[in-house]
Each structure stands twice: as structure tokens, then as C-alpha cells.
Amino acid sequence: MKTKIAAPKTRRNTELVLLVVAVAIVLVAYANVGLAVNESLPVDFFTLGGGFAVVAFAFHLVLRWKASYADPVLLPIVTLLNGLGLVMIHRIDLAPGSPDAAPKQLMWTAVAAIAAVALLFFVPDHRRLRRYTFIFGLTGFVLLLTPLLPGIGRNINGSRVWIAVGGFSFQPSEIAKILITIFFASYLVQTRDALSLVGRRVLGLPLPRARDMGPILIAWIASLGVLVFESDLGTSLLFFGLFVGMLYVATERRSWIIIGLGLFLVGAYVAYLLFAHFQERVSLWLDPFQPGMSDQIAKGLMGMAAGGMFGTGLGQGHPELTYFANSDFIIPSFGEEIGLVGLCAILVLYGLLVERGLRAGVASRDGFGKLLATGLAFSMALQVFVVVGGVTRVIPLTGLTTPFLSAGGSSLLANWVIVALLLRISDHARRPTTENEGRPENLGTDDTQIVNVK
Amino acid sequence: MNAPIRRLGLVVAAMFCALLVATTVIQFVQARSLDDRPGNRRTLLASYSKERGSILVGGSAAAVSTKTDDQYKWLRTYPHKSLYADVTGYFSFTYGSTGIERSEGDFLNGSSDKLFYRRLTDIVTGQSAQGASVQLTINAKAQEAARKALGNQKGAVVALDPKTGAILAMVTSPSYDPNKLSSHNLDQVQQSFTQLSKDPDQPLLNRTINGNLYPPGSTFKLVTAAAALESGSYQTGSTLPGPAKLRLPGTDSYLPNDFPGNCGANDKVSLKRALTISCNTAFASLGMKLGQDELRSMATKFGFGKSLSVPMPVTPSVFPNDLNKPQLAQSAIGQYDVRATPLQIAMVSAAIANGGKEMTPYLVQSVRDKNLDVIQSTDAKEFANPISDGTAKDLTNMMESVVSEGTGTNAAIPGIKVAGKTGTAEHGAGRNADVWFTGFAPADNPKVAVAVLVENGGTAGQEASGGLVAAPIAKQVMEAVIGK
């Protein structure tokens, strides 16, 4: 007996409605800043605002065409976050003595969206990425280390995480993050069986075999290398946390988490003992108001406090008094001007974004897709936690960009690519298998084929 | 792999919860205290954007905001320059604020919760927001007299109304011109501030309530005498040993009098006479008889060790713990580690003047909004009741004889009964004594209680004593209040 199952809806119209709301919020915020600061609508309200809307809706059309079953919430959330980031960067530009960062950010938004669209075109199935597992892995680790190269490496704000080529600076770790996540996912899918084999039991905890400890040790040493040679605590934490999280998901063995946490604590403690830089971070975390020390956390806290429950209103606070108000400290800038309520809304948007990514992982029908979606979503969660936790004193402050909000091209580009990958995986997960009927021309191009048996 | 992904989802949820809690703590729970941190530029900018309320002394303004054309919109000015600086404090863009400017900042800048309803009506009626004005208890004449009498000497004067606790004068020297710190020329402000904060004489310090505490010297004998009278074992006529010098038990050292010779015939002296001539040996042995617990308990009743705000916080005065006999002997005459603020010593006199009831000192009489409606006014409150009415009368009687025939004759005001006590606190070699006078007048109907402290002997240098240097200053302040 055959039961007829209703085909899943594409949900593209839901996405369109949400997208209209997201674009509307951004445009209202932009108008609000102009009215508050100059008491008039921004002169480029219709050109810039219109341009932004065109980019968002064009992306939507591409999804209808190329990934029609993709998750309908991802694009609206990302549009809203990116748009709000643009508005805040523009608002800080208007404060006296601030550089012009908004036009550059707008250009990067367009570039990033185009890159994401290109990815949707050229990667019709995420499993194709598995073919290049080791190329991605190698490129990723090389990119991670490029800032150390003399000549192109740049030391900015105490961390050596930038490269500059021909007057053009870039943070390669952002791109490396994606490549390495793909590599991890592919590698772990292959080796998960071996890694989940149990060796000895210690204190009732089934430990993995000693010979399987290699990968986690390599990841640990690599993150320590980033930490020591590039002085970048945030990136180091992000990579190691990502690896341990993915290892756990791949093997379903809790002992990996315990081993990972142990290694992390040892590494962090040794770094704390060895480097004055980290000791300073920790002591500022415990008390940000110490006289004679950096007052950047203190200034951010005062900004957030000034915002209180509902904020001063866009354009009416003084976010420019905080250092890096449009990059590392953009979260306090939002806290000041749109208040606790607005900041919580932003955090909830991030939470939804991560949740949607994890959901794509759960729904995905292949192990690689599951691990990749989980890894990408988890890396975004870690990054938000590290950067927002740093400015709100949950953890010591480390330098990472706030996804989609911070001024900075490499971060924007990388995060749009992550979203494009998540869209691709969710599209694949929700697309009904029956669609393969009548499309035999696809046969043979994918790694795994679905054979319909009648 | 779905189960671990879901569990990872829980970890992510926990991480985001931590962030939500942390932002709530910062922007809601701690917001007020972060806003109030000194040097918070945002709070300052916000308070500069509207007219700050005035600080008033009598009918004239000690601090007032005037309109300017620059980005700060309002300039804080102090028309009397340094005269009220110790009370008003300063209001600086770069360095935050001190004194009343800080303690009453919420009212002055209009952000107090008590002004909520008025802010609301301002928004509805479209009127420009304005802070509330603060009326001080300071008596302009007493303040001027104290400033003038203290002159260039380092020291402090504080005068109280013994019946209410209202602070009538609060002067410390050297002082500063707060206009130089409230200026909008931030470079000059920085220069002035650096200069003031590096000055070894610490002109920014309010010596009456903060900063270095001083050994109260013989003024503390009032507390020792109070403890003796309250114990019931002593009357004003009780006989005490009064040799020229007293051997400290268990040591080879001696505690001498400030004057040569003994305190009375046959090395005997009455309690009243001992206070009149400030006999160290009599009070040292009295202290040892009473014991440290009795002394400490009396000092604590007067306010030693207790925190107090006027509304600026007052550093608590100290009576030391765990004394041996020689230390107790010295403590009984206000030496060793006994330390006091001039305000505390004035409160001792005021309590004696007010029949044993010590009133809580305060500087703010009332707060009025811009329509001159009173938002808050201070009522006299009892701080403590350290001694009985009878003990207060006895002490008054003894203190009158200090001024009429003892060490404090320079405080005498013709035609008015003045009660007082001098103090000369030794610092050992290399530094002259800190000299004191505390008292009240008129003794039969007290209107003012004062404490005067002059550091390092003042202009009299090595010759300095409380009676010589501090008493004349107290006299002029008391005269200014009584109106003679």
C-alpha cells in the first residue's frame, strides 16, 4: 500500500515576508540616525537604503532559483544584523573625530553577498566539498599562519592576525575558519569509527586509544601556536573549541570533551603564567576599573550602563567615547543606543541563527552535512560568545569580530560564506527525495545517490 | 549523530543565557552605580546638556550654572571662588565632581527619582529640563570669619548648631578656586588639577571630614571626663593624682604635663581643675582607673568608629583596640593612636552643649525644584545620646572655667559665657604640634559649637598651643554666629 506524503513547502514566501520586515527595520533605523543627529533624513536615504534592499531581495531571488528549500529564517536574520551593523557604523562615523568606515562596509556587504551567491551557484551540493578535503585543510592552516610571514604580516592592536598586500589588509583567520571547519567535518566523518573506539577505562571514564589522540593533540598545538605567536587568544579559543565540539558530535564520546577541556585549561594556565599580556587581560576581567590600566572594558561598560533598559535612542548616545566602538566594541555601542531590550533582541537573533544552523545539521541526511552544519553553527556561537562575553565580562576580553555587525571586510565575507553553506545544507536536507525522479541527468555526479525502489 | 548535536544545542543555549544575564546585570542591575562612577563622561555630558541647579548659601549662590555658546552649553561658576570650595566641591568635565556637587548630583542635574514627576511634566509641557537647587545650612558670616581667621595656616574649622546638627561653617585651609576646575578650557583644567593634586599641602582635601585624621590631644579629655562622670564614681570635685610627671606602669618612661610643675598642692587636683588647666597626669591616671573598655565605649557613643554622611561621607574617627597600660594612659589624653576628624570633635562639644543629645550633622537644608517647590528638606535628627543631662551640665561648667580661668582664655567673648577646651597634640621631633580648640557659646543657651584645628603649630610654630593659636579663631567664628 502506498501513502501519499504531502511535499514539504519551500517556505520562500515566509522568507520574503520576514525579509521585508528586516529591511524595513534597517531603513527605519537609518532614517532614525539621520533625524537624531542632523535633524533631517540622510541625503542618500533612497539611494543607499534602496541599494541595500535591492541586494537583499536579489539574494532572495537567487534562493528561489538555486536553493528553493533552504531555511527561510537565515537570510532575514543575516540581512537584519548586517543592516543594523551598517547603521551603527554610519552613526559612529557621524560623531566628531571618527573615520569614514560605513561606505567601505557597504561595499564589503555587496562583495560578501556576491560571494555567497557565487557559492550557491558553484556548489550545488555541499558534498562536493569533500573532494578537496586536504587542499582545504592545508590552505586553512597556511592562511592561519600567514600573518607570521615577514613582509605581509601586520601587527595591529597587539595581535598579529592581519596580512597586508598592496595597501589592502585582511584577516586570514576568518577564511581559515571556514576551510578548517570543512576539513574537520570531512576528516571526522572518515575517522569517526576509529576515534570512537574505546581503550582503557580511567575512573569509570572510557578513554580513547592512545594512538587516536594524535588529531586532538595536533589541533591543540596549532591553537597554542596561534596563541603564542600571534597573541590571539580569541582565534585560538575558537579553533580549539570548534574542534572539540565537532569531535564530540562525530564520535558521541563525552571523554573527548573532558580531554579537550583538560588540554584547554592546561594551555590557558601555562599561557597565563608565561605572558604578561594575558595576566593583564585576566586582571582587567576581574576588575575593569583598575587605575593606570587599560580602560577599554570600563568605557564599554559605562556606555552600556548609560543605555540602561531602553537605550538613549540611535544617534543620541555617545558610543564614540568607547574605543573600537564600531568593531570589537560594537555590542556596547548597541547596548548604549538601543538599550538592554535591543541588545537582547540582537543576541536572540544570533541564537536563532545558530539554532537554525544546528537544525540543518540534525535534518541533514549525510554525516558530512551534519558535521559541517554543526561546525559552522557552533563556530558562530563560539565567536559571539567570545566577543560579547569579552565586553560583558563573562570571560576575559579577547579580540574577535562580532559576526555581521563589526566593521571589517574579511569578517563580513567569511560570515556570509558560512550562511551560504548553511543555506545550501538546509536546502539539501529539506528537499524531498522524490524530486530526483525525472532528473536522471544528475546521476553519477554526486558522491551518494538515492535509488528509488518501487 | 543527532543526539550529540542536540546536546551541543543545549551548550549553545547555556552560552547565550550567560550573555543575556551578563548584559542584564550591566544594563539594569549595575547601571546606576556605573553611571555614578567618578569620571563617567557620558553622565557628565548628559548633566552638562541642561541647566544644573544652584547651590545656595543664605540668599546667594555658592555655585551656579551660566549659559555658554560652546558644546557644553552650561558653565559651572563659583562666584565666591574658594570661600565655599570645601563644601560645594568642584564640577569638572575631566575630573568628575566632589563635595555637594557630587553627593547631591542627582538633584542638581535633575536625574533623581524624586524629580521623576517633574521631569514628566517638563516633557509634556515642553519646558526645558532644569536641575533642582540645594540650600545649604552654612552661615555666610561664620564661613567668612573662619576663612579669614584661619588665614594662611594649614587647618580646619567646623561649626555646628548644637540644637539641630546643622553645619554652620566648614572651612579647610589651604583651599582652591573651583572655577579653575570647572572651566571648559580643558588644558587649563588639567594643568590646575595636576598642580593642586601634587601640592604637598593637599588643597583638595577636606580636612574637616576626610583625609588625614588628627590626634585630638587634650580635647579628648572631654571624652575621658564624660566617661568618668557617667561611671558614677566621680564628680567634678573628685580628687585625682596630679604630679608633674607620671611614671607609665611597666616602663621607665614618664608622661609629663604640658607645663612645668604639678597640677595642684601635694600633687592632688580636682577633676574640674584638671580639665581647666589641662593636667595630663591627672587624666592619664583617670584613664587607667576607668579602663580601656569604659573609654572606648564612651568614644564610640560620641561617634568614634561610626560612619556618617553629611551628605559627603565622613571618615570615621578611631579609638585604638588592645591597649596596654602606658598606651591607655596616652590614649586618655588623646595621644597614642587616637585619631579624630575636626567634625567629630565639634560633635562632642555640640552634644555637651545640647544636654547630652548629639544631633546628626547635615549640610543640606532643603532641595527645591525650579518652581521653588520643596522636594526634600532635612529635619534635625538625634545621632546618639552619649551622656546624661547632668553629665552635660557638669562638663559645661568645667569647660566654662577653661575659658574663664584656664588654658582657653583667648576664646573668651566679653559679656557672653563661653565653654571650651584646648588641645595640643604632640607629634614628636621634627614637627610642631597640631593645635585644637573646641567649645560652644553662649554656654547657657548654646547657638554654636566649634572645632578648630591648626596643623603644625600654624604661624606660632614651636610656641604653638591650642589656647594661643586655635582659641582666637574659634572666638571669631562663634562671635560671627552669635552676631556680636
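Backbone N, Cα and C define each Cβ position, glycine as well.
Remember, TrEMBL labels are computer predictions, not curated facts.
As recorded in TrEMBL, the features of this protein are as follows:
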- A:41-61: transmembrane segment (TRANSMEM)
- A:73-93: transmembrane segment (TRANSMEM)
- A:105-123: transmembrane segment (TRANSMEM)
- A:132-149: transmembrane segment (TRANSMEM)
- A:233-250: transmembrane segment (TRANSMEM)
- A:257-278: transmembrane segment (TRANSMEM)
- A:329-350: transmembrane segment (TRANSMEM)
- A:371-392: transmembrane segment (TRANSMEM)
- A:404-423: transmembrane segment (TRANSMEM)
- A:432-454: region 'Disordered' (REGION)
- A:445-454: compositional bias 'Polar residues' (COMPBIAS)
Contact between the transmembrane segment (A:371-392) and the transmembrane segment (A:105-123) (3 or more Cβ pairs under 8 Å, separation 6+): no
Stretch with greatest number of CB pairs under 8 Å, the transmembrane segment (A:73-93) reference, A:41-61, A:132-149, A:329-350, A:404-423 candidates: A:404-423
Outside the transmembrane segment (A:233-250), six or more residues from its ends: residues with CB under 8 Å to it: 144, 161, 173, 177, 180-181, 184-185, 188-189, 192, 195-196, 215-216, 219-220, 222-224, 226-227, 256-257, 260-261, 263-264, 267, 271, 278, 281, 367, 370-371, 374-375, 378-379, 382-383, 386-387, 390, 396, 398-400
Remote residues contacting the transmembrane segment (A:329-350) - C-beta distance under 8 A, at least 6 residues beyond either end: 77, 80-81, 84-85, 88-89, 91-92, 296, 299-301, 303-304, 306-319, 322-323, 380-381, 384, 387-388, 391-392, 402-403, 405-407
